[in-house]
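Visitor: According to Swiss-Prot, the record shows the following:
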type	residues	note
BINDING	39-46, 174-180, 199-203, 268-271, A324	GTP binding site
BINDING	S46, T180	Mg(2+) binding site
COMPBIAS	390-403	compositional bias 'Polar residues'
DOMAIN	31-356	domain 'G-alpha'
REGION	322-327	region 'G5 motif'
Amino acid sequence: MGCYQSRVQVEDKTNEQLDKYLVQAGKEGLLDFRILLLGAGESGKSTVVKQLKSIYKIQVDDDELHSYAVNIHKNTVLCMQVLLEAGETLGIELTDPETKKRAINVKSFQFEPEVKQMPVSIGLDIEELWRDEDIQKIWDRRSEYWFLDATPYYFENIQRFLDDDFVPTEEDCIMTRVRTTGISVTEFDEGPVHFRVVDVGGQRNERKKWIHCFDDVKALLFVVNLAGYDQVMFEDPSQNRMQESLTLFGQICNNPIFSETPTFLVLNKKDLFEQMIQKTDLSKCFPDYKGGSDVKTALEFIQMKYQQKIQESNKPLHTFHIAARYKKDIKYTWEEAKGILLEENKKVLMKATKDLKKSSKQSSKSSLGNSTQNNSNNNNNNNNSNNNNGQTTIDGATAKINS
């Protein structure tokens, strides 16, 4: 009985050592999963990051909340100024005298460095302008000029934004457009695995920085704005957003440095796409499309277009159709992608356990002898005889620790 009990204690100790080893291995980079988040400008990469932070309960501090509030106010004003400028370009005249006055007020307003909030008068002008029929005519032709996808959200929530005690909600933060400049890294742990999600600005002038992020990447997440098939770029109004995205995807996935890197294609803004496809045919972007307004057919066609950009025909492409503004979509996508990554890196996990067995074999034998002598002090461990059944599970990747 004493010998059996001692063996159980040694097994428990080995399992404990394994857990500590894997955690340490993660800290040292052995289980450091670096994931590169790429995509053209305004594809929704930053929204994906915000949702991951929420899922892993990474708190937004007061300074960040304040920054979000400031950007919400600035975005709201910018969106109406863009609409008014587009109306002039398109030759759509504002016929109502009151509307003209409000338009002049909004167009002439500028945020000064010390001004962090739009005045109530400007906010009310914007709210009334959004209701105007001529402004809606401009909005109906939004495929002809650059705009923010969240434009209606800002205008529909403007009363709340104007409140003196306004604090952005989680949805407000998700919907806030903050242009990514430089390189942003979001880190979180899951078990012994340390994830680093690297987000780099998607605008053309930011892409030269991407090369600095290409080393030691475990996976590529390429985010696409589905609604971009009927939108133009901020940097170049003559260029279609989706065509730009396709070109960029081809350049990235065919780079030799990523020949063995798992690639995930995230077709984002599905909610907007489902609305747009009913009004604007996909053939506007792809003349060879013949599927009409059927959402499923259109999504499969777009997915095929991206698949065709991969020169290695046998390279798998894992694809998701989502709306990143909804946490459940990101949670599902992340769980699926994470499972694939851990499965493909199972050899690393197994090597970690193999190294541990070698280093702990001698200490286990000596522990067995010492534990036998102290048998009478260890009666409370009898119920642990089947602990872990010789396995430890790391998010679906099972590592055996017994020969």
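Quick reminder: no glycine exception, Cβ is built from N, Cα and C everywhere.
How about a rundown of where these features are and what they're close to?
Guide: Other Cβ atoms within 10 Å of the Cβ of V178 (GTP binding site) number 15 in total over all chains.
Confidence across the domain 'G-alpha' (31-356), taken as the mean pLDDT and rounded to a whole number, stands at 90.
Long-range neighbours of the region 'G5 motif' (322-327) within the same chain, counting only residues 6 or more positions beyond its ends whose Cβ lies under 8 Å from a Cβ of the stretch, are 44, 47-48, 51, 54-55, 171, 174-175, 223, 266-272, 333.
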Visitor: Tell me the coarse DSSP state (helix, strand, coil) of S46 (Mg(2+) binding site).
Guide: helix
Visitor: What is the interatomic distance between the Cα atoms of S46 (Mg(2+) binding site) and V178 (GTP binding site), given in whole Å?
Guide: 8
Visitor: Using all protein chains in view, find how many other C-beta atoms are within 10 Å of the C-beta of N268 (GTP binding site).
Guide: 28
